[in-house]
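*Asks:* Take this structure, written in structure tokens, and hold onto it; I'll ask about it next.
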Amino acid sequence: MTCTFHAYEQLHAQPEVVAAVHTLLREVEQADGVAALGEAFLKGIDGDHGHQHIVAMTDERVVGVLALDGAVTASVSGENPTAELAVAPDVRRQGVARGMLAAAREDLGLTGPLDTWAHGDLAPARAMAEAANARRTRELHKMAVDASPGSDRGEQFRAGAEDAASKVESQGLTVLTYPEAVERFGEELVDEEWVRVNNEAFAWHPEQGGWDIDQLRSARDTAWFDPNGVLMVWSCGEDEDAAGPRCAGFHWTKIPTEEQEEPEGERAGEVYVVCLADEARGKGLGPAITMLGIGELMKRGVGTVELYVEGDNGPAVATYEGLGFGIVHTDVVYRGELN
């Protein structure tokens, strides 16, 4: 097989190549049962998000793509660039992945450590990591539970959501959807509070922490986003008038676009982001906010509830297992040298 490798600083400006890459990604997902690229990297293909790409082509089609998240900036700042890649199933183990990595060195000038996501940690990814002497540095579990209408688990979650609402109200807090909060407090304040709580909750997180309002709005700029699927818990009683309203936490739920077309009760929805402000910790609000969001997903026709949790967060994994969640698959970061 003759294969050529092309570097793109602005892949989104090449619509024919973008279309061919998406064809490849659909082929890979159908074969592997898991998407090769995550949401952020998909957005980096379709829009200007500072990503770089190596695309592997034969005369007939695109057979591989390597996506790099701000690689040059990361290298200059001393951080490790992060990558995700996909190779067509029928040309694996023929040097396509190695060729794309070599092109990243030669055409984009990348050297040093590279963190590469392997979604599902499938055998081809493990083989490539072993050949490159790469090591696991991070695991992210996808967990899911059947909460279909009429099931014991579904009824448990419905009751749990009602109890959670009572717990929140008993602490003098108010649950508002994002549009309700904007109507009451104004978009600027609500977005500032959203970012504040996010950054307090994810101060440790390599991707989710350190956001600004522009990053928040970019994250919301996606086809599946429903502002009514964001539940925010507010302290806004009379005793808070001097300081103004404060967000104690929020639960951002997600129902993917394709799932929205499924019949009610058969949709998959995600516990996408749950955050608690520092000042709200130690009051039992974290589990309550989580359950409020699960209840909202079920009201919107979700029968399978999904979430992602860090593999080294044993207490969280145990908590979700106690709620009936099981690990569906694990995404892994492998760190290897580009030199």
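Every residue, even glycine, has its Cβ placed from backbone N, Cα and C.
Sharing the feature lines straight out of Swiss-Prot:
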type    : residues               : note
BINDING : Leu85, Ala86, Val87    : acetyl-CoA 1 binding site
BINDING : Val274, Cys275, Leu276 : acetyl-CoA 2 binding site
DOMAIN  : 8-174                  : domain 'N-acetyltransferase 1'
DOMAIN  : 176-339                : domain 'N-acetyltransferase 2'
*Asks:* Looking only at the domain 'N-acetyltransferase 1' (8-174), what is the model's average confidence as pLDDT?
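*Replies:* Value for the domain 'N-acetyltransferase 1' (8-174), mean pLDDT as a whole number: 92.
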*Asks:* C-alpha of Cys275 (acetyl-CoA 2 binding site) to C-alpha of Val87 (acetyl-CoA 1 binding site): distance in Å?
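*Replies:* Val87 (acetyl-CoA 1 binding site) has its Cα 36 Å from the Cα of Cys275 (acetyl-CoA 2 binding site).
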*Asks:* Would you please pick out, from the binding-site residues Leu85, Ala86, Val87, Val274, Cys275, the one with the fewest other Cβ atoms within 10 Å of its Cβ?
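*Replies:* Comparing Cβ neighbours within 10 Å for the binding-site residues Leu85, Ala86, Val87, Val274, Cys275, Val274 has the fewest.
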*Asks:* Give the distance between the Cα atoms of Leu276 (acetyl-CoA 2 binding site) and Ala86 (acetyl-CoA 1 binding site), rounded to the nearest whole Å.
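*Replies:* The separation of the Cα atoms works out to 35 Å.
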*Asks:* What is the total of other Cβ atoms whose distance to the Cβ of Leu276 (acetyl-CoA 2 binding site) is within 10 Å?
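*Replies:* Around the Cβ of Leu276 (acetyl-CoA 2 binding site), 23 other Cβ atoms lie within 10 Å.
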*Asks:* Rounded to a whole angstrom, what is the C-alpha distance between Leu85 (acetyl-CoA 1 binding site) and Val274 (acetyl-CoA 2 binding site)?
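*Replies:* Pair distance, Cα basis, whole Å: 28 Å.
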*Asks:* What does DSSP say about Val87 (acetyl-CoA 1 binding site): helix, strand or coil?
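*Replies:* Once the DSSP labels are grouped into three classes, Val87 (acetyl-CoA 1 binding site) ends up as strand.
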